[in-house]
Amino acid sequence: MKCGSREVFVKLEEGTNPQWGKPPSSRSAEEHIRYSFLILDKPRGPTSHEVAAWVKKILGVERAGHSGTLDPKVSGVLPVAVAEGTKVLMALSRADKVYIAVAKFHGDVDVENLRRVLQELQGEIYQKPPLRSAVKRQLRTRRVYSLELLELDGRYAVLKMHVEAGTYARKLIHDLGEILGVGANMRELRRVAVSCFTEDEAVTLQDLADAYYIWKKYGDDTYLRRVLLPIEEIARPLPKIWVRDSAVDALCNGAPLAAPGVAKFEHPFSRGDLVAYFTLKGELIGIGRALVDSEEVKKMEKGLVARTDRVVMPRGTYPPMWRRGGKSFKSGT
C-alpha cells in the first residue's frame, strides 16, 4: 500500500460548521482512548490474542483487536485497535508486510546462486498454507515485492522480505531451500513493517502501561497521546475522501457515498479499492469500497462513489441533513 504519494483533488471549496464534531486533537483523554490504536512491538512468547487482551486490561476497555496475527515465536509490528477503533481494523486487511528472517540452510550455498534464486522468487508465487494453519490449505497466489540477502554467514542467512498480506515467510524459506537443492528452515522471524507502519514508531506493552499510569496518577496525557495514535492514523495506507457536513450522518447510518457529498479526495484509486471517509475537521467516519475510479469521481455530479463497509463515528455526531436536503456550510458565513 502506498502512503503519502497521492495528490488531493478539490471538487468543492467548502467549510465545516464548528458546532458539530471536533478535530481529533481536541478529544478528551477518555475519548482519545476509545478512538485509538497503537503500533505494538510484540515480544516473542505470547500469542497475538494474548497481547491484545493485555492491551484491553491495561486500558480498562471492553475490547481490543489486532490485525495480522503473529505466531508466538515471532516478534515485531502488531497493529492493535482499541474499543471503537476495532470497527475499522479492516483498513489494514490488505496491508503488505516486511520481515527480517534468519534462515538456516542444510548444506553449503554459493552466495551468487543464492542471490539469483532470491531474484527469481520475486513476483507472483504459489503457496499452500502450512499444516499448522488457521486457514484452509488451498493453493493460492501471493506476491513477493522484494527478497533481499542482508548477510550470509556459513549456512545462516539474514533475509529481508517485502510480501503481500497472507504470505507465509516460513514456507517461502522452505521453498528457497528446495530450489537451491539443500533444504532450509526458518530459525527466527521479526516483522518490521505493516504497510506504512514501521518498527521505528512501535511501542511496548510497558510503554502503554506507563503512559496510562502517568495519566491516571498525575492527569498528564502527553505520553498517552504519543503511545496511542488517534484512530484516524489507521487509515494512513488508504486513499482519503473528505465529505461535506451534510453527508456525514448518512454515512454514519451506513448509506453509500454519493458524488454530491464529496468535497475533496486523494487520487489515484481504482474501483474495488478500500477508501477512508473523513469529515472536513479530519475525523474518520468509516471505511468504504470504491465503486468507481478516482478519474471518474472528478467528473461525477451524481451517482454513487463508494459502498460503506464499516463505520466508526457515532450516529448523530453531525445532524441528519440528508433527510431534509440540508444546505452546505460556507466558511465565514
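Using N, Cα and C of the backbone, Cβ positions are placed for all residues, glycine too.
Per Swiss-Prot, the feature active site, nucleophile maps to D71. In the three-state DSSP scheme, D71 (active site, nucleophile) is classed as coil.
Summarising the annotation, Swiss-Prot assigns domain 'PUA' to 238-313.
Listed in sequence order, T47, L189 are the same-chain residues six or more apart from D71 (active site, nucleophile) with CB atoms under 8 A from its CB. For the domain 'PUA' (238-313), the model gives a mean pLDDT of 97.
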